[in-house]
Amino acid sequence: MKRQYPIAESEMVQPPQGPPISLERVQFSFPRTAYTLDVKQHAQREAVKTAFKRCWDAYMEHAFPHDELMPVSLDGKDTFGGWSATMVDALDTLYIMGYTEEFAATLPAIGALDWSDTTLTSVNVFETTIRYLGGLLSAYDLSGEKVILMKAVELGEMLYMAFDTPNHFPPFWFDFSDAKAGRQKAGKSDPSASPCSLSVEFTRLSQLTGEPKYYDAIDRIKRFLERSQNSTRLPGMWPTFVDFQNELADKSPDFTLGAQADSLYEYLPKMSALLGGRDAVYEKMYRSAMATAEKHMIFRPMLPDGDNVLFIGDVHVRPDEDGVSLLPDGQHLTCFAGGMFGLGGKLFGIREQLATAEKLARGCAMAYAAFPTGIMPEIFGLLPCASRDVCEWDEDRWVAEGNTNMPKGFKHARDPRYLLRPEAIESIFLMYRITGKPEYQDIAWRMFLSIQAATSGDTANSAIKDVNVGPKEVTKLDQMESFWLAETLKYFYLIFSPPDVISLDEWVLNTEAHPLKRPDR
């Protein structure tokens, strides 16, 4: 397909060259004994492997080559182009868990993937990048199988066409007809995470191929983020929805670290690690964004046992002076932030962020334990304390503002589903690797058992309708998104593995938990 808005090679930004700049080590200095699993850890890891294999086999038998398994009706459905999303998304998990025969058996199907063969007229640029491109790049980094890199390059070429717009920013939907006709434009109110969360995958593709155009594409977005960061209505952060077509970020009053914006922030420290610290802009943007989030978004909830944990809410900025309003609703999606604060705090030597990271991760673990299923809901409300330092339980306030149908401390579960999401175990895993504290493994095991009890069916695991019922009373939603195998079970497996299995000092995990090789130190 011919580009309507070509970029001269002389105008392209090259990936940073030269030896990596020294970044702080991320992982705890584990004792030698940690590299040999004891009987308990081995049994826990094997239980996770068994859960994965059961779901993988069910997908291959009942749903392949469709994108997802419907685990109740035992059928398949296409949600992301019909290119076998679960197979591609779970490739690296197969390899990491040692399922070498199953991994090898996928290679003919990988080689046969045809990105032009889809019933869709457009694809989601973000989802296609993080699941398919990220999955392929990771599987190649792990295995060295050339056919996987070949398919990643083919997909990268297709996705690169999404940047063929007047200002070289991609739209949310890559519409094939618009691309052919030269009608593509970036959106005027697109989720900030969408074009701003392609950087890790396109950078790694550029590193592996030596082709600078992929890096140039995402570096243009980085430059927009840099120049707009302090001119938004909440300086230091970008709004949930951004006018990428006109490159404006100063209009919208709503800000979040959750849905629609999350991985924009997640990728700031990860890009620094992937580039070996050779672009200081990512650290600068991370520091400013997290200082703003600490000031306006992070809160301590009022809890009956006085737990000193933290959560992240959303912010609305009013036009009046000092008009920053906190909406103290938690999201399962924001549970990634504990791990992000931990990673950024370690990479950049921001020691005070490590305490915040632990309190955020423990907050999500607390929310899991609070509900009857042992699982936290998709979206829920809490009663924020006036101070993060001291917070006593106020029964009268709870009676007036709380909800007697909820666990004490919770106002509502506005979305009570559990969709097999990974964000809570993601942060628990990262905090284990960062601190070396074995209690995080204990938390992970309790979470795993609760998830298995509530979501496991006759053949595979399913999302559930309501976590605020007993585990035997749940209603299954007949849905098993590919991230269950790509992320959730991978994180559970890794936390019970020796710390040199996907070391955080050697790998960067994209937002779909696909490990990509960091430059040699």
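Glycine too: its Cβ is placed from the backbone N, Cα and C atoms.
Heads up, TrEMBL stuff is auto-annotated, nobody curated it.
The structure displayed is predicted, hence computed values, not measured ones.
For Cys364, the disulfide partner named by TrEMBL from the candidate list Cys55, Cys196, Cys335 is Cys335. Taking only the Cα positions, the spacing between Cys335 (disulfide bond) and Glu127 (active site, proton donor) is 19 angstrom.
Neighbours of Cys364 (disulfide bond), defined as other CB atoms within 10 A of its CB across all chains, total 29. Sequence-distant neighbours of Glu423 (active site) (same chain, 6+ apart, CB under 8 A from its CB) are His332, Leu333, Thr334, Cys335, Phe336, Cys364.
Comparing the active-site residues Glu127, Asp262, Glu378 on other C-beta atoms within 10 angstroms of each C-beta gives the minimum for Glu127. Taking Glu127, Glu378, Thr511 as the recorded positions under consideration, the smallest Cα distance to Asp262 (active site) is found for Thr511. Reported as a whole number, the C-alpha separation between Glu378 (active site, proton donor) and Glu127 (active site, proton donor) equals 19 Å.
The Cβ of Thr511 (Ca(2+) binding site) lies under 8 Å from the Cβ of Ile130, Gly134, Ser197, Val200, Asp262, Ser263, Glu266, Tyr267, Phe336, each of which sits 6+ residues away along the same chain.
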